[in-house]
Amino acid sequence: MNFLVIGLSHKTAPVELRERISFSSDDPGGVLRAITALPGISEGMILSTCNRVEVYAASGDPAGGCACLQRFMAEHHGLDEAQLKPHLYIHSGRDAIRHLFRVASSLDSMILGEPQILGQLKEAYNLAESSCTAGPVLNRLLPRAFAAAKRVRNETAIAQHAVSVSYAAVELARKIFGDLAGKSVMIVGAGKMCELAARHLTGQNIGEVLVTNRTLARAQSLAEQFGGRAIPFAEFPLYLNQADIVLTSTAAGGLLLTRAQLEQIIRQRKNRPMFLIDIAVPRNIDPEVNHIDNVYLYDIDDLNGVIETNLRERRKAAKKAEDIIEQEIVRFYSWLRSLEATPMIVALRRQVEDIRRTETEKTLGSLQHLDAGDRRAVEALTRAIVNKVLHSPLSVLKRAGDDITGEIYLEAVRRLFDLNPDSQQTGGDSVEKDADSKQDLTS
């Protein structure tokens, strides 16, 4: 059984194509079941976001399975395969596992280190589970992908540096004030950037939020979202002395705040620090206010500089994250080889025990003069010889999962002793279960 990934992303396809290929059906479970009904596909899961559309599948026929999935993706969205094919990437086996782990860890995201993709991947897996299209392969791989992503976030700094303008502004505010709890905020403007900044700020347990905009209704709408208070645009300078943090982003086309105004306001505040964030272009705040003591002004270029520095830090962290991914892949394959070792050991022991028992019975049949005690001694002797002979090779096989040569040892034992553990019957369920696990995941 092989693990496959087929899809496209912001790296390979324009947004127009990503929109057309997006799986946003009213019946996502039905789409998943249609995928697993394709020839050679036994399991299926879809990850569909604004930046990527990927199908994860298990298949006993990788080439045929990929061809079926490619055809399905085109036909389901009313496209010719020729339109789709140049934008697709296809991975199988170890490469597919690496891709999944990198996606889960946000190493393949448009914004390196962003946290949303892991949640989206978990939702996709939950849907596959509830639709009964996740089986042994996905049920083992996805938890390992989540574990890899957790390690990356815990052991690297990949998510610790702001890489959006709105969050960079909050990060700078924290550097100025240390703790934003109880700090009052004024937002001048009601566009998307103001909304994002307000969302980040309100997550810091801030105090009062004042919102102003030329259109009062828009200011009221934004204020309601964050439990704030809207004030008329013409009156906002009167409230500035109450604000510890001021964020401006309007299309005013000129300065809303001058140095003279801020000098008066900082006196009213008795020189308590003010943090001003001007993300408007053209700028809303006179850059000269930076010369006022206890006034800290940052414009869009300052924030972009912070973002670029932080991106460099995330790229450094990504190198360590890639090492973690490789460690997790090795760990997964080590576990996979250990699954094969268990039924192989049982099969080898059974075969040798069958030979020992048969030959011992033959010998004892020709030694009728031996009493019961002598016969037990012969049985014990033959068992001891078998155990001594098998001890060293079985110890090596038990460690097969910890050594890159484990696969070679297992294959050698299989061939030398003509073993086929997957087809052998046992008195218990555990060996059969292990054999099935190995068969499901071998790639």
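Glycine is no exception: its Cβ is also placed from the backbone N, Cα and C atoms.
Per Swiss-Prot, substrate binding site is recorded for Thr49, Cys50, Asn51, Arg52, Ser109, Glu114, Pro115, Gln116, Gln120. Sequence annotations record features per position, and here Swiss-Prot assigns active site, nucleophile to Cys50. Swiss-Prot lists His99 with the feature site 'Important for activity'. Residues or ranges marked as NADP(+) binding site in Swiss-Prot: Gly189, Ala190, Gly191, Lys192, Met193, Cys194. Annotation source Swiss-Prot lists region 'Disordered' at 421-443. Sequence annotations record features per position, and here Swiss-Prot assigns compositional bias 'Basic and acidic residues' to 430-443.
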Distance, Lys192 (NADP(+) binding site) to Pro115 (substrate binding site) (CA atoms, angstrom): 20
Candidate nearest Gln120 (substrate binding site) in space, where candidates are the recorded positions Cys50, Gly189, Ala190, Lys192 and distance is Cα-Cα: Cys50
Coarse DSSP state, helix versus strand versus coil, of His99 (site 'Important for activity'): helix
Maximum Cα-Cα separation in Å among residues Thr49, Cys50, Asn51, Arg52, Ser109, Glu114, Pro115, Gln116, Gln120, which the record lists as binding substrate: 15
Nearest recorded site to Gly191 (NADP(+) binding site) by CA-CA distance, among recorded positions Thr49, Cys50, Ser109: Cys50
All-chain count of other Cβ atoms within 10 Å of Thr49 (substrate binding site): 18
Environment of Thr49, Cys50, Asn51, Arg52, Ser109, Glu114, Pro115, Gln116, Gln120, the listed substrate site - residues of the same chain whose CB lies within 8 A of the CB centroid: Ser106, Met110, Ile117
Cα-Cα distance linking Met193 (NADP(+) binding site) and Cys50 (active site, nucleophile), given in Å to the nearest integer: 19
Length of the line joining the Cα atoms of Lys192 (NADP(+) binding site) and Asn51 (substrate binding site), in Å: 20
Those recorded positions of His99, Gly189, Ala190, Met193, Cys194 having Cα within 10 angstroms of Ser109 (substrate binding site): none
